[in-house]
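> Starting off with a structure, shown below.
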Amino acid sequence: MSDSHRSPMAAPTSFLWTRRIFLTLLAIFAILPVYVMISSSLKPLNEVQGAFQWLPHHLTLRPYVDIWHTVPLAHYFANSVIVCGSSMLLSVVVAIFAAYAVSRYRFKGKRLFTVTVLSTQMFPGILFLLPLFLIFVNIGNATGIALYGSRGGLILTYLTFSLPFSIWMLAGYFDSIPQDLDEAALVDGCGPLGALFRVVIPAAVPGIVAVAVYAFMTAWGEVLFASVLTNDSTRTLAIGLEGYATQNDVYWNQVMAASLVVSVPVVAGFLLLQRYLVAGLTAGAVK
Amino acid sequence: MTVTTPAEDRTARAAKRRSRGPAPGRLRRRALPYLFLLPALILELLIHLIPILTGIAISFKQLTQFYIRDWGSAPWAGLGNYKVAVKFSEPIGQALLHSFWITCGFTVLTVGLSWLLGTAAAIMMQDNFRGRGLLRTFFLVPYALPVYAAVITWSFMFQRDNGLINHLLHQMHLTNGQSFWLIGSNSFPALVTVSVWRTWPFAFLCLTAGLQNIPGELYEAAALDGAGIWQQVRRITLPSLRPVNQVLVLVLFLWTFNDFNTPYVLFGKSAPPAADLISIHIYQSSFITWNFGSGSAMSVLMLLFLMLVTGVYLLATRRKDADV
């Protein structure tokens, strides 16, 4: 992308100053919580319980040790990794096939499919949470397949949350890969699957990675369904962090340390891959 | 469904090329896209469409905790659940209406402010200047952080005695630093603040991408004609962003109106009345009273409202485009 389309004329000082002040304030607003997270996670408990201080008086790493004992954080972490990792993998595989069909074939019902799938994004989560809960409970009663309270149920659910956007993003990506390439592969004797695996997928690796990160982030941050569809042994981080608040006390320093620890994987992934992700996420709005 | 091995496929394809498409090859070719779509279709049906249809069915039932394990046997309630929900003179209807207005105010403020911040930031970040990359990374942080970690941090910042917000307001001599933010009427501005903080980076991202599609010659021509920087923004930038804005505002509206995560993490299970958003309201009235029938009826009403607004919005914005 070219960096500047702005006028060749020098911007007036008033604009430059407005810009400087506005962007500084906005940056402070954006990262203030991160600063609070970091500084408070390095304080002893009595300091986070007293009046707010910008800097810790007694620097300590204690909260980072304690977070693993106060609540079974490692267990929640493992649950989150299993649930989010599995739903990410499955979502990417399912989305690749669907996006390949949407991008490379003309078929009846294509428009209906894309519109329906995308419009599920608009439905209030609460509308299908109640029936989904009932369906899971009843499937469990009828067949013995435990979906309610199990990781499997949550994996299936999260998988569909990222699916519509993933299909859409990937179809856009596949569209940008010249069709001559897969036709050449077909002429060389590959089937459609061969063309998909040998030509389209290798050329779309950045898009696939972006979709994977998106699917992982979506699942990692979800709260509503996790609060209803999990039980004590399958609880994910989204609900597990509530455990640092007891009847009388909130261990704010530990809450902050734990928040930071659970944020690092997704924030790092997002920032590393932001170039691909941003292109994919905004493609729909810009098109 | 039949699975074709690549080898079979290859021979079929070769045969097709030789004879210009015999019937079996053509059939397979026609079925192929549907096979590729099948897993996605099944999942969408299982997790989205069937539950939504079930939800609509449940909204006509008297489904209380006694029927959870066998909801088919719950008695039909006809329009009973809907009548209760919209009877605004009774407590349940009154609470729903109150929650609806709160949600509307919350949505308008959040979308409006997020759009303003996103647009201003996108326009100001168009030039290449020192530190732009770093600023951009900072701006993306709220979007990248998991919602519960970020919102828990905000709830710490909003604590009365040990939070940053009261400390800051006191230091600036704006208040005595003793305000409650997470209960009472202050909880509404607190909720809007957190929601704007989470939402504006997405507007910024979309608008930045939209700005890159505006040809530079437009600005050059305007500058030659003597247009100042503010005029360029008003005459060129904003009109060119209209298609992006059409989609962006709708998406922001739907996300914000449906938002559950932010109030749930900020306030815990009981949102204060001043910040009683509709999805929290339905969640509470369903899972505390275990009256799923009435909760589903409320969700269906919410969906109808969203569909109505979306339809009107799309019609209105399309007409505007046609006028231009």
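Glycine too: its Cβ is placed from the backbone N, Cα and C atoms.
In TrEMBL, annotation is done automatically, which means it is predicted and not curated.
Sequence annotations record features per position, and here TrEMBL assigns compositional bias 'Basic residues' to B:13-24. Under the heading domain 'ABC transmembrane type-1', TrEMBL lists B:100-313. Per TrEMBL, region 'Disordered' is recorded for B:1-24. Among the features that TrEMBL reports, transmembrane segment is placed at B:34-60, B:100-125, B:137-158, B:178-197, B:240-257, B:296-316.
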> Are there residues at least 6 beyond the ends of the transmembrane segment (B:34-60) whose Cβ is under 8 Å from a Cβ of it, and what are they?
1, 71, 76-79, 81-82, 292-293, 296-297, 299-300
> Does the transmembrane segment (B:296-316) come close to the transmembrane segment (B:100-125), meaning at least 3 CB pairs under 8 Å for residues 6 or more apart?
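With fewer than 3 qualifying Cβ pairs, these stretches do not touch.
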> Report, as numbers and ranges, which residues of the same chain sit near the transmembrane segment (B:178-197): CB under 8 Å and 6 or more residues beyond its ends.
102, 105-106, 109-110, 113-114, 117, 142, 150-151, 154-155, 158-160, 163, 165-166, 169, 256, 259, 262-263, 266-267, 271-272, 274-275, 277
> Mind checking which residues reach the transmembrane segment (B:240-257)? Cβ under 8 Å, same chain, six or more beyond either end.
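Apart from its flanks, the transmembrane segment (B:240-257) reaches 103, 106-107, 110-111, 114-115, 119, 195, 199, 202-203, 206-207, 209-211, 213-214, 218, 278, 306, 309-310, 313-314, 317, 321.
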